């Protein structure tokens, strides 16, 4: 195995692989064409800072390894599982395909799940609760799995995440288990925009987190917004940190102290004046 290949396998995780894959398989067909392979490998190597002068040589080596060790269909289609098995560790491979079975749309949905299982706000869920969590997750997606499959999923998750064997999983563990789309807030650059652009962006942001369409953020909607805000500056956050920041946000923005953040209250917090 060449150095570039070893480097990517050592550092590539399921989320990163999926982000790159989606650029080429926008329709989620589960395969890319052989003609797209060079560009896919280019993106993969660029992610890990492989020098341009070495790019062509490494891409060629990777293609040769793929052709030798994996099946390519007569139509020139390369399945995602072929490339994933080539670049991801066993654990990350498992996570990738589990996530495809149980996708989530946004951080609000994620936080609804987290709050249900971290009912005491300890910042952890017990490994014993993991089995119930996984069963509910499949039911949420209208998928029924056998007890044997559930036991296998639970056992693998514990092996991957409960490394210190304390029987607990934290917020970051759950975030890795679940397939969250890229942080919604990353697409906005509030500081670099005109007032009108900021207002327009604010409308999109509020609409995204106001899942219940009540005109106010409450419960997991506030949690989801807080989680995405924090992850802009701190990629790895704990449940305890999230609760602290949530409390600070409510203290500053919840003017009428009803436990919710009205649209006008959030706008005021962000220094915006919007039409009522």
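From the backbone N, Cα and C atoms, a Cβ is placed for every residue, glycine too.
Long-range contacts of the domain 'EF-hand 1' (12-47) within the same chain: residues 4, 55, 58-59, 62-63, 66, 72-73, 76-80, 83-84, 87-88, 92-93, 95-96, 99, 176, 179, 182, each at least 6 residues beyond the stretch ends and with a Cβ under 8 Å from a Cβ of the stretch. The feature domain 'EF-hand 1' is assigned by Swiss-Prot to 12-47, with sequence analysis given as support.
Outside the domain 'EF-hand 2' (105-140) by six or more residues, the chain places 150-151, 153-154, 157-158, 162, 167-171, 174-175, 178, 180-181, 183-184, 208-209, 211, 219-221, 223-225, 227-228, 238-240, 243 with a CB less than 8 A from a CB of the stretch. For 105-140, the entry in Swiss-Prot reads domain 'EF-hand 2', with the evidence type sequence analysis.
Around residue 122 (Ca(2+) 1 binding site), the C-beta neighbours below 8 angstroms that are at least 6 residues distant in the chain are 239. Residue 122 (Ca(2+) 1 binding site) falls outside any helix or strand according to DSSP and counts as coil. The Ca(2+) 1 binding site annotation in Swiss-Prot covers 118, 120, 122, 129 and rests on sequence analysis.
Annotation comment: Swiss-Prot describes 149-184 as domain 'EF-hand 3', evidence class sequence analysis. Within the chain carrying the domain 'EF-hand 3' (149-184), a Cβ under 8 angstroms from the stretch's Cβ atoms is held by residues 14-15, 18-19, 91, 94-95, 98-100, 102-107, 110, 113-114, 118, 123-128, 130-131, 134-135, 137-138, 205, 208, 228, 231-232, 236-239, 242, all 6 or more beyond its ends.
The feature Ca(2+) 2 binding site is assigned by Swiss-Prot to 162, 164, 166, 168, 173, with sequence analysis given as support. A C-beta separation below 8 Å, combined with a sequence spacing of at least six in one chain, links residue 168 (Ca(2+) 2 binding site) to 124, 125, 126, 127, 162.
When pLDDT values are averaged over the domain 'EF-hand 4' (197-232), the model yields 93. Under the heading domain 'EF-hand 4', Swiss-Prot lists 197-232.
Residue 210 (Ca(2+) 3 binding site) has a Cβ environment of 19 other Cβ atoms inside 10 Å. The Ca(2+) 3 binding site feature in Swiss-Prot is assigned to 210, 212, 214, 221.
Panel annotation: around the domain 'EF-hand 5' (240-276), residues 121, 123, 171, 190, 195, 198-199, 202, 206, 210, 215-218, 222-223, 226-227, 229-230, 234 of the same chain, lying at least six beyond its termini, place a Cβ under 8 Å from a Cβ of the stretch. Swiss-Prot lists 240-276 with the feature domain 'EF-hand 5', giving sequence analysis as the kind of evidence.
The Ca(2+) 4 binding site annotation in Swiss-Prot covers 254, 256, 258, 260, 265 and rests on sequence analysis. Residue 260 (Ca(2+) 4 binding site) falls outside any helix or strand according to DSSP and counts as coil. Residue environment of residue 260 (Ca(2+) 4 binding site) contains 18 other Cβ atoms, counted within 10 Å of its Cβ in all protein chains.
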**Message:** Under 8 Å between C-beta atoms and at least six residues away from its ends: which parts of the chain pack against the domain 'EF-hand 4' (197-232)?
**Reply:** 106-112, 114-115, 183-186, 188, 190, 241-242, 245-246, 249-250, 259-263, 266-267, 270, 272, 274
**Prompt:** Once the chains shown are all counted, how many other Cβ atoms turn up within 10 Å of the Cβ of residue 166 (Ca(2+) 2 binding site)?
**Reply:** 10
**Item:** Residue pair residue 129 (Ca(2+) 1 binding site), residue 254 (Ca(2+) 4 binding site) - Cα distance, angstrom, rounded
**Value:** 33
**Complete:** In this structure, the one of the binding-site residues 221, 254, 258, 265 whose CB has the fewest other CB atoms within 10 Å is 258
**Prompt:** Least buried of the binding-site residues 118, 129, going by other Cβ atoms within 10 Å?
**Reply:** 129
**Asked** Can you tell which of 120, 162, 173 has the most other C-beta atoms within 10 Å, given these are the binding-site residues?
**Response** 173
